[in-house]
């Protein structure tokens, strides 16, 4: 699933504000859920995180095939990680993460199943989900008027946060216009998150090594 651009109802800040929360969860709901979730997703490259990732993959892999279909991933995100505490749009986010992991994993390694996520791609998928959630929290702080849309000035003020997060921008106006895919003059969360996650994964997203993978010890 691709990232959607802003449509007619979100081309003005008044239109967006009338819709309430971006996904049915309040900022407070997301902050509470994020404190738990950010520790529950083992996305780092250290040995401990990889060991946790192996165990998590096995829990997701209910069929014991060493490969995950979308339904297994979604069920695991609900039942094991309980990511629905953060968002009501979990199926859409997981679908994007699933597709992105397959695409990047196959591109980097030149191998992989077309419709399945294997262990070497599992970290990429977790990184995507983690980054989307982290960006949601960041967007909450960037969107100072609560309109669910970013203006250029709000984007410029957030450049230090974006650099700390892993995306360094030298020409804010040019980048903002690139993100604003329909030329509305404002940026939706979908536009912002699609751009930011793709940029970050290009820099620091890589598949897990096949050695010591999820099949070890099976």
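Along the chain as shown, residues are numbered 1 onward.
Placed from the backbone N, Cα and C atoms, the Cβ positions cover glycine too.
Taken from Swiss-Prot as is:
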- 1-27: region 'Disordered' (REGION)
- 48-83: domain 'EF-hand 1' (DOMAIN)
- 61, 63, 65, 67, 72: Ca(2+) 1 binding site (BINDING)
- 84-119: domain 'EF-hand 2' (DOMAIN)
- 130-165: domain 'EF-hand 3' (DOMAIN)
- 143, 145, 147, 154: Ca(2+) 2 binding site (BINDING)
- 167-202: domain 'EF-hand 4' (DOMAIN)
- 180, 182, 184, 191: Ca(2+) 3 binding site (BINDING)
Distance [Cα-Cα, Å, rounded] between residue 184 (Ca(2+) 3 binding site) and residue 67 (Ca(2+) 1 binding site): 41
Other CB atoms, at most 10 A from the CB of residue 143 (Ca(2+) 2 binding site): 22
Cβ neighbour count (within 10 Å, all chains shown) around residue 147 (Ca(2+) 2 binding site): 19
CB within-chain contacts under 8 A for residue 63 (Ca(2+) 1 binding site), separation at least 6: 72
Secondary structure of residue 61 (Ca(2+) 1 binding site) (DSSP, helix/strand/coil): coil
Helix, strand or coil at residue 191 (Ca(2+) 3 binding site) [DSSP, three-state]: helix
Three-state composition of the domain 'EF-hand 4' (167-202), taking helix and strand from DSSP: 22 helix, 2 strand, 12 coil
